[in-house]
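**Q** The domain 'Cation/H+ exchanger transmembrane' feature in TrEMBL is assigned to 14-370. The transmembrane segment annotation in TrEMBL covers 89-108, 114-136, 157-175, 187-207, 219-237, 287-306, 327-345, 357-379.
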Amino acid sequence: MTGYVLAFGLALLLAVLTSGLASRSPLSTTTVFLAAGLVAGPLGLDIIHASRGTVAEISEVALFAILFVDGQDAPLSVLRRHWRLTSRALFVGMPLTMVLIAAAAHWVAGLPWLAALALGAVLAPTDPVFASSLVGRNDVPRPVRHLLNIESGVNDGLALPAVLLLIGLAGGTSGQSTEPLPLLLELLGGVALGIALPLTISLLLRLRHVGATSRLRPLGPFAVAVVLFGLCQLTHANPFLAAFVAGSVISTVQHEASEAFRHTGELASEMVKGAALLAFATLLKPGLFVAAGWAGLLFAILVIVVTRPVPVMAVLVRTSMSARQRLSVAWFGPKGFASVVYAAMVAFSDMDAAEEVLALAAITVLVSAAAHSSTDLFVAQRLSAEQQRLDPESPALDVESVEG
């Protein structure tokens, strides 16, 4: 534990000291924490050894925190305005992506079909951390920002039932239900908790003698998040859908509290993100990459440049988005925390080809981190330039806020 805490502290300090450089170059805070984990883990100095269980738990908390914060950028008004684009991406683009990933895993990496489909479910969701480098920019067109934010916020939760179902079909045991009906109930339970808890707190705040001081108001959403996470653990409700939905509801019914929490929430999610990335990198061992070989690297490249862009470009045809906007959304489908959490579930399940699934998922996440964190500034610049041509009154690019 001492080694991990020290490595995390040094990585956090380095991320702060290089944040100015990161805003002007392909370097990112994500890269810093991943590099620190690789150096401290079995691939480097071999002074930190994280178990798969530890990585899964830290990553689950990190993903929950990030989705809760990101949900507050998607109040009901935004969801209502962009539901058509989002529905296309989630309910057509995501299943197509999953099938294409499974096909690549079977024909390129040689996985049996059930394991390939499980890997497709593991890698289908997009990562809200990388998406945030575009979502938080006012100079990026709203359709792009909101589509990426809502998609990355919802698809993590939608992928969970598919992962658990396929683990069960492949002969694995996850410690959670792998039957369709309970999985559906857990999904609906996550949505219900995400709506009910913030609304209940909002009603309590209307009672006489109940109120929060301005000094403690930012802690209100934080307390809601902690209670919500605990309730999800107790009831087995889908925590990722619950987190995003709760963030959206808080932003809708308690906008002042949401705004007061925003800065604190972003910093907190940044730290847990770093902790999870560091832990994930220490999980990687030389044997994983040897087992995957060149076929694994080719598979990862195909996932990044084909299996996401092709279906998303197809489903966004004949929409109001420009060709550049469609291409940007299609490219920006990074793999991250959700894939780490679900890959760890597969590894624990002892299903057929579990180790191969973990290895291919790990390689894909690393390739995605390198590819997407090094291109976010370029994509933001291109979108901002287009926005400036279409609307000269729109804000110009501020490179200092482009970080991954």
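In case you wondered, yes, glycine gets a Cβ from its N, Cα and C as well.
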**Q** With contact taken as 3 or more Cβ pairs under 8 angstroms (pairs 6 or more apart in sequence), are the transmembrane segment (327-345) and the transmembrane segment (157-175) in contact?
**A** yes
**Q** Do any residues, 6 or more residues outside the transmembrane segment (89-108), come within under 8 Å Cβ-to-Cβ of it, and if so which ones?
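**A** Residues 115-117, 119-121, 123-125, 147, 151, 154-155, 158-159, 162, 295, 298-299, 302-303, 306-308, 310-312, 314-316, 329, 333, 360.
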**Q** Any residues 6+ beyond the ends of the transmembrane segment (219-237) with a Cβ under 8 Å from its own?
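**A** Those are 61, 64-65, 68, 72, 176-177, 186, 189-190, 192-194, 197-198, 201, 212, 243, 246-247, 250, 254, 257-258, 260-261, 264-265, 268, in sequence order.
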**Q** Same chain, outside the transmembrane segment (187-207) by at least 6, Cβ under 8 Å from its Cβ: which residues?
**A** 157-158, 160-161, 220, 224, 227-228, 231-232, 235-246, 248-250, 253-254
**Q** Please report, as numbers and ranges, the same-chain residues at least 6 past the borders of the transmembrane segment (157-175) whose CB is under 8 Å from any CB of it.
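**A** Contacts with the transmembrane segment (157-175): 67, 90, 94, 98, 114-115, 117-118, 121-122, 124-125, 183-184, 186-187, 190, 238-242, 244, 338, 342, 345-346, 348-354.
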